[in-house]
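Participant: Sharing the feature lines straight out of Swiss-Prot:
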type: BINDING; residues: 50, 198; note: substrate binding site
type: BINDING; residues: 125, 171; note: ATP binding site
């Protein structure tokens, strides 16, 4: 199994495209991470919108550059809104990304996510336990936390990618991105990133935005992982702990965009 490493040059090119296109991202994400997700997208040059009402969600999915479905705080009413948005995204050819938070641990959200898969997500982003559960290989995870190493989920990610046509991202100490055939690995980041709520969810929003960019979607999605890990490393170097990490992380994302424009 060959894993190609993401190049800094490709990531810089994708970030330049990102800034040029400034994707409008419809984030149907969980209540815990909305502000952090929006600020992450803004720092990179995208435009976030958090539209959740069923009638509006369907309408907005048609005009957005990309749609994110994150089931972290799923309710039946929210599920209805998400279904309406996904159906409209499919009709409007709006790329959409699924973040199957904690599907390995909870039955309702696992059933809901499995019902969404026939609508052909452009990308799926999760930790190892989530991806393995969604692929039907194993159920597990401790809530939103993984109990499996990212590398162990590569076969499940490849299977899921081939079955759905999605780019599948498995995040961990090393991230892996696959279309079912090619596999790209992304080094970096820091364990402190796991002590801040929302870093994975925010990555899913950036992945969604990258699905709206022209060019190689696999490379663009891998670039999203690279930016987040780069920014995480820079932020940790300036931080004293989780509390000071967040502002330094947002600053680091902003600085990355400034560097590619210089």
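A Cβ is built for glycine as well, from the same backbone N, Cα and C atoms used for every other residue.
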Participant: Since the record lists 171, 198 as binding-site residues, which of them has the fewest other Cβ atoms within 10 Å of its Cβ?
Facilitator: 198
Participant: Taking 10 A as the limit, how many CB atoms besides its own sit near the CB of residue 50 (substrate binding site)?
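Facilitator: Neighbour count, Cβ to Cβ under the 10 Å cut-off: 16.
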Participant: Can you tell me how many other Cβ atoms are located within 10 Å of the Cβ belonging to residue 125 (ATP binding site)?
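Facilitator: Summing over all protein chains shown, residue 125 (ATP binding site) has 33 other Cβ atoms within 10 Å.
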Participant: Do you know offhand how many angstrom separate residue 171 (ATP binding site) and residue 198 (substrate binding site) by C-alpha?
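Facilitator: Pair distance, Cα basis, whole Å: 13 Å.
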Participant: Can you give me the Cα-Cα distance between residue 125 (ATP binding site) and residue 50 (substrate binding site) in Å, rounded to a whole number?
Facilitator: 19
